[in-house]
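Okay, structure first, notes after.
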């Protein structure tokens with residue numbers, strides 16, 4: 001009988017274990033599915049976001065707009081976030097989070113398609129050039145055409161006449177579509193981060209939460225690798241590919257007038273983002289909150305004690321069904337409570353300033369590589385994607401792994417993030433030493449009278465050697481003279497004849513190139529990249545090292561944000577953090593960085609219908625000082641604010657430790673009182689039979 005009972009008991013336990021394991025398998029699978037789906041959504045949004053930054057110079061040239069206006073377009077993504085993020089983060093945490101993320105991915109996809117729309121509305125891209133594609137003709141028009149003084153303006157230049165067809169152009173610039181599409185992308189991206197991260201943190205075990213968040217953040221950094229590679233590929237393809245004969249295009253991808261097929265990448269990114277929405281429709285609203293393993297033989301008091309474990313204090317169940325009106329009434333008091341948290345406020349200020357520096361730097365880094373080291377847009381994007389971004393991804397993942405291995409608490413995570421950021425800051429100071437000489441352009445960086453010394457004084461474009469030519473001062477059609485100097489146009493180089501066609505055109509009898517007047521010039525900039533070619537590898541190596549070190553603190557810093565607040569405020573805190581950083585960093589940083597970069601422009605392009613277009617050449621020394629100086633100045637301010645932050649965090653941790661000790665003492669006293677009552681009941685029931693024995697046993701138990 002005993003064997004059968006034990007066997008039956010074993011079978012019963014086995015069935016119980018099986019039943020206990022069964023529900024655990026499904027939530028685990030669902031959480032992994034959610035992790036994969038969220039990683040793909042992060043990848044899609046990161047790909048389209050990085051592709052937007054890789055097309056900055058392409059958009060500038062295509063729509064003839066300055067850098068600050070590109071900053072407005074880039075910041076419009078954050079404006080879309082600003083419109084809805086606080087409400088999505090607060091109400092979304094209490095609704096079906098996966099489905100809200102799915103709707104956001106669909107909106108992101110639509111916005112990406114809208115960005116590509118202007119290419120199919122506006123006409124073909126036209127750029128200023130004196131080179132023509134001539135078939136079966138040996139007679140080319142002279143770049144330097146003499147004219148009577150009556151047709152010249154007071155300063156001796158050719159009067160500007162608007163191009164034909166300008167009166168029929170729409171007053172609404174086409175870049176407005178890009179801006180509106182980016183706003184819609186921002187609205188769609190809103191729920192992905194706060195709802196996705198809070199979902200993982202709610203339903204993953206504490207030791208795995210940091211690793212999962214690190215994985216998702218790593219995938220979000222892998223996305224830009226493909227985004228910049230896609231930008232590199234599209235930058236090589238001419239904007240009107242398929243609509244024009246490529247042999248008629250007289251410029252190369254390294255030319256400052258070149259525009260790549262920017263629209264093609266947005267169509268690809270839109271399709272990928274649309275696909276990322278599909279898995280979220282099939283995921284559950286919530287999962288069982290993970291709890292520590294409970295031994296088979298547990299009293300109710302022990303089970304209750306385990307369920308109340310401090311390991312679960314950061315978990316917040318999303319299954320609490322609350323009416324919409326109650327949630328709305330609770331919103332303002334909850335937000336007030338969040339903003340009264342001193343550690344959270346300091347963390348917010350530090351990350352806002354740090355992100356101003358980071359966003360401004362990343363937005364214009366490809367442009368910096370193009371202008372300072374005279375690389376093509378395609379090569380700059382390729383290097384960003386293949387060399388720089390993988391270092392960031394490795395740093396993010398390593399940071400999450402180190403946090404798990406070292407078992408860092410909140411203070412440890414804060415010190416780790418601060419230390420890595422400080423080391424990266426010190427290394428970044430060496431970028432100032434990596435200078436590159438400006439291009440030698442007559443009338444811009446050189447005087448016609450002294451072509452040996454670069455200076456940034458205002459030089460006249462017109463001099464004795466081209467005085468007989470009637471040239472436009474606004475045209476940008478650079479040619480390389482035999483003397484190694486670049487001239488703004490063949491006309492300003494004094495060239496009277498030309499032979500060949502397209503990219504193979506050669507200009508001769510250029511009076512400004514040589515004294516004898518029989519020197520030639522070819523299309524495009526002069527190479528002059530010896531000093532840049534030597535310095536560029538060092539710049540890339542230092543860029544990789546600093547990116548890796550700074551990224552190491554990314555995941556610990558993010559986990560600090562999650563752990564320093566109450567679980568009920570987690571989703572709102574993440575959402576408000578994203579709102580504040582996007583409002584005060586994502587929107588203004590590209591604008592004022594772009595405006596400062598615009599002040600270093602030496603030669604502006606001309607719009608077809610009049611007005612200033614995109615910049616053609618910059619003062620690279622001023623560009624470097626403005627770009628790097630602004631980036632590092634912002635980081636310096638953030639380090640100063642970190643000092644009171646550490647003091648406040650230390651106080652908060654001490655207070656929490658005291659509260660935990662008092663709570664444990666109170667709980668211990670309550671449990672002891674319950675145990676005494678139980679023993680008293682038992683002793684009363686047994687007292688008539690064995691009074692002395694029971695009294696002794698009770699005392700022993702107590």
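Yeah, the Cβs are placed from backbone N, Cα and C, and that goes for glycine too.
Annotated compositional bias 'Basic and acidic residues' per TrEMBL: 1-10 (among others), in sequence order.
As annotated by TrEMBL, compositional bias 'Basic and acidic residues' applies to 687-702 (among others).
The domain 'Major facilitator superfamily (MFS) profile' annotation in TrEMBL covers 34-654.
Note on the domain 'Kazal-like' (459-514): mean pLDDT across this stretch is 80. According to TrEMBL, the domain 'Kazal-like' annotation covers 459-514.
The region 'Disordered' annotation in TrEMBL covers 1-22 (among others).
Per TrEMBL, region 'Disordered' is recorded for 683-702 (among others).
Residues or ranges marked as transmembrane segment by TrEMBL: 31-48 (among others). Listed as Cβ neighbours of the transmembrane segment (31-48) (distance under 8 Å, sequence separation of 6 or more from its ends, same chain) are residues 98, 101, 105, 108, 112, 185, 189, 192, 196, 199-200, 203-204, 212, 215-217, 219-224, 226-227, 230, 266, 269-270, 272-273, 275-277, 279-280, 283, 287.
Only residues 6 or more beyond the boundaries of the transmembrane segment (68-93), in the same chain, are considered here, and those with a CB under 8 A from a CB of the stretch are 49, 52-53, 56, 59-60, 100, 111, 175, 178-180, 182-191, 194-195, 198, 318, 324, 327, 331, 334-335, 363, 570-572, 574-576, 578-579, 582-583, 586-595, 598. The transmembrane segment feature in TrEMBL is assigned to 68-93 (among others).
The transmembrane segment annotation in TrEMBL covers 100-122 (among others).
Taking Cβ pairs closer than 8 Å, the transmembrane segment (263-283) reaches residues 30, 33-34, 36-37, 40-41, 43-45, 47-48, 51, 54-55, 98-99, 101-106, 108-110, 112-113, 115-116, 118-120, 227, 230-231, 233-234, 237, 239 in its own chain, all 6 or more past its ends. Sequence annotations record features per position, and here TrEMBL assigns transmembrane segment to 263-283 (among others).
The transmembrane segment feature in TrEMBL is assigned to 344-362 (among others).
Proximity of distant same-chain residues to the transmembrane segment (382-402), defined by a Cβ-Cβ separation under 8 Å and at least 6 residues beyond the stretch ends, is recorded for 50, 54, 210-211, 213-215, 217-218, 221-222, 224-229, 231-232, 365-366, 369, 375, 408, 416, 420, 540, 543-545, 547-556. The feature transmembrane segment is assigned by TrEMBL to 382-402 (among others).
When Cβ-Cβ distances below 8 Å are used as the criterion, the transmembrane segment (414-434) is approached by residues 354, 399, 402-403, 408, 535, 538-539, 542, 545-547, 549-554, 556-557, 560, 624-625, 628, 631-632, 635-636, 638-639, 642, 645-646, 649 of the same chain, each at least six residues removed from its ends. Annotation source TrEMBL lists transmembrane segment at 414-434 (among others).
Sequence-distant contacts of the transmembrane segment (535-561) (same chain, at least 6 residues past either end, Cβ-Cβ under 8 Å): 209-210, 213-214, 217, 221, 344, 347, 351, 373, 375, 383, 387-388, 391-400, 402-403, 408, 410, 412-414, 416-421, 423-424, 427-428, 430-431, 434-436, 573-574, 577. According to TrEMBL, the transmembrane segment annotation covers 535-561 (among others).
Here the transmembrane segment (573-597) has Cβ contacts under 8 Å with residues 66-72, 74-75, 77-79, 81-82, 85-86, 88-90, 186, 190, 193-194, 197-198, 335, 338, 344, 347-348, 351-353, 355-357, 359-360, 363-364, 367, 561-562, 565, 618, 623, 626-627, 630 of the same chain, all six or more residues outside its ends. Marked as transmembrane segment by TrEMBL: 573-597 (among others).
According to TrEMBL, the transmembrane segment annotation covers 625-649 (among others).
Same-chain neighbours of the transmembrane segment (100-122): 38, 41, 44-45, 48, 52, 63, 80, 88, 92, 174-175, 177-178, 180-192, 195-196, 239, 262-264, 266-267, 269-271, 273-274, 276-278, 280-281, counting only residues six or more beyond its ends whose CB sits under 8 Å from a CB of the stretch.
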